[in-house]
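Colleague: Here you go, one structure.
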Amino acid sequence: MKQSNPTPEYNREGLLTEKTNLNFRSWQLPAVIAFICCIFISVYQHYAPKYADLFLSSVLFPASVGIFALVLYTRPFLKYAEVKLMGVLFIWMILGLLFNDWRLEKAFTSYWLYCACITTFLCFSLPYAFNKATLKKVLSILAAAMLACATLLSAAALAIVFGGVTAPEAITKLGYVGIHTDGRLWMVLHPNSIGPICGAAIILTEYLLTRTKKWLVRVLLILCAVACYSTMALTDSRTAFISTAIAVALEFFLLFNLSFSKAKRKVGRILLSLAVTLLAVGIFYFGTTVVRSVYNNTVNTVSAQGDKVVQRGLEDADSFNGRTEIWKGTLQGLKENPDILLTGTTPIISGKVLASYFPEGSPIGNFHNSSVASLVSFGIPGFIVILAFFVMLAISAARMSFTKLLDRDSLGARLIPAILLFAVSESMMEVFLFVEFSLNVVWIWFMFAAGFVFRMQKSE
């Protein structure tokens, strides 16, 4: 008599040992697909905002809750200090809603809460769902998706700017497309939103290059990065230039340090790597002016009526293009309303509460700094938790990148802290982290990279 196979017992320990790889029968695959959807929305949401918001609230939000529940059930997730700290921050965010007379059902009309849940439950938790070998493969998939989305956007922008292609009327109704009268590239999105998309793609390209030895694939990756670089240059987003250059500097240093591994003295190898890195970063940063000059020369040759790309320098760096006045006004508002520092206002009403302190002509509610916005939104308690998380993350990231400088096999993983540098640098001039009302590449990649760094230093 043929015996039937016993039904597998999917208890807590069983799931932990059996469900560690990415396959069509695992729950991790839908989680990866959900993150890819986050990438897609963060890049293209402005072209169909209503559908993007609907997908965010109806699909990604419940999916992130389900994925988070599975991570909790199948992994010893809550025993880690960084997870507890992130949990404290999230609980404080929810308490802030109650402190400010916001009922939860009312808060769900704000897409900030959806984004906070998705970035915490999905983006930060996802790396813990895999063993280390599989996690590197997952990162390759996600990085390729990010590069593909950014390249498609860049190709469309370059075709419009250099090729004279006309954008569809359905797109132009949503906003300006092309070089605007301010001399910067708009793709419905503000130039300061396009820049980070291209910057993140460029940074992740270096990781993908370490994961393949096929020269055709490498050539394709480099071409995609060049397209993103050219588009970023046309936005003239100086924050994106500097943030990407800082991140690329770390990648260059780690790469050159391996290239000079035959140097006899450690100090000499490091100094040589630093020197070459500075040269490469200088070329990377000032190369953006070459792209803008090429475009302006093209305009002069083809048509005298086209809008030229602006060539802004760093002359107004002392005021950060007027941002310091916003920060001064905000701090003055906090000084006159100290109760805000106790519980915060939540991001939902932070801009309205301090609207009277914004300089005349500045965008009301845009603090142009994630730290300032977090202080207003979550008060001193929330700000301290965020600061503690950043310190813990910085220590882990430094340990990951610099502990094994000559280990070629771990190079790809050691490049990932560059994403953290990029995200933090961007957030010093914009409100991308923790307080934004829409998914953006800076927030989702910061949270994933943070989870990646912590996860790679845990035992299997």
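Even glycines carry a Cβ here, placed using N, Cα and C.
Computed from a predicted structure; not experimentally measured.
Quick paste from TrEMBL:
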type     : residues : note
TRANSMEM : 29-48    : transmembrane segment
TRANSMEM : 54-73    : transmembrane segment
TRANSMEM : 80-99    : transmembrane segment
TRANSMEM : 111-130  : transmembrane segment
TRANSMEM : 142-165  : transmembrane segment
TRANSMEM : 185-208  : transmembrane segment
TRANSMEM : 215-234  : transmembrane segment
DOMAIN   : 225-387  : domain 'O-antigen ligase-related'
TRANSMEM : 240-258  : transmembrane segment
TRANSMEM : 270-287  : transmembrane segment
TRANSMEM : 372-395  : transmembrane segment
TRANSMEM : 415-435  : transmembrane segment
TRANSMEM : 441-457  : transmembrane segment
Colleague: Hey, which bits of the same chain come close to the transmembrane segment (441-457), Cβ under 8 Å, at least six residues off its ends?
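Modeller: For the transmembrane segment (441-457), the far contacts come to 35, 38-39, 42-43, 80, 82, 115, 118-120, 123-128, 130, 132, 135, 139, 142, 146, 196-197, 200, 393, 396-397, 399-400, 413, 416-417, 419-420, 422-424, 426-427, 430, 432-434.
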Colleague: Which of 29-48, 111-130, 142-165, 372-395 shares the most C-beta pairs under 8 angstroms with the transmembrane segment (215-234)?
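Modeller: Out of the listed stretches, 142-165 contacts the transmembrane segment (215-234) most.
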Colleague: Answer yes if the transmembrane segment (372-395) and the transmembrane segment (80-99) have at least three CB pairs under 8 Å among residue pairs 6 or more apart in sequence, and no otherwise.
Modeller: yes
Colleague: Do the transmembrane segment (240-258) and the transmembrane segment (415-435) share at least 3 Cβ pairs closer than 8 Å, excluding pairs fewer than 6 residues apart in sequence?
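Modeller: These two stretches do touch.
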Colleague: Under a Cβ pair cut-off of under 8 Å, which of the recorded stretches 54-73, 80-99, 111-130, 270-287, 415-435 contacts the transmembrane segment (185-208) most often?
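Modeller: Out of the listed stretches, 415-435 contacts the transmembrane segment (185-208) most.
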Colleague: Three or more CB pairs closer than 8 Å, sequence separation of 6 or more: does that hold for the transmembrane segment (29-48) against the transmembrane segment (111-130)?
Modeller: yes
Colleague: Please report, as numbers and ranges, the same-chain residues at least 6 past the borders of the transmembrane segment (111-130) whose CB is under 8 Å from any CB of it.
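Modeller: Here the qualifying positions are 20-22, 28, 31-32, 34-35, 38, 53, 56-57, 60-61, 63-65, 67-68, 70-71, 74-75, 77, 83, 86, 90, 93, 97, 138, 346-348, 434-439, 443-445, 447-448, 450-452, 454-456.
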Colleague: Can you tell me which parts of the same chain pack against the transmembrane segment (54-73), counting only residues 6+ beyond its ends and a CB-CB cutoff under 8 A?
Modeller: 12, 15, 27, 30-31, 34, 37-38, 41, 108, 111, 114-115, 117-118, 120-122, 125-126, 128-129, 439
Colleague: Near the transmembrane segment (80-99), which same-chain residues lie under 8 Å Cβ to Cβ, leaving out any that are not at least 6 residues past its ends?
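Modeller: Hits for the transmembrane segment (80-99): 107, 113, 116, 120, 124, 128, 343-346, 348, 377-379, 381-382, 385-386, 388-389, 392-393, 396, 450, 454, 458.
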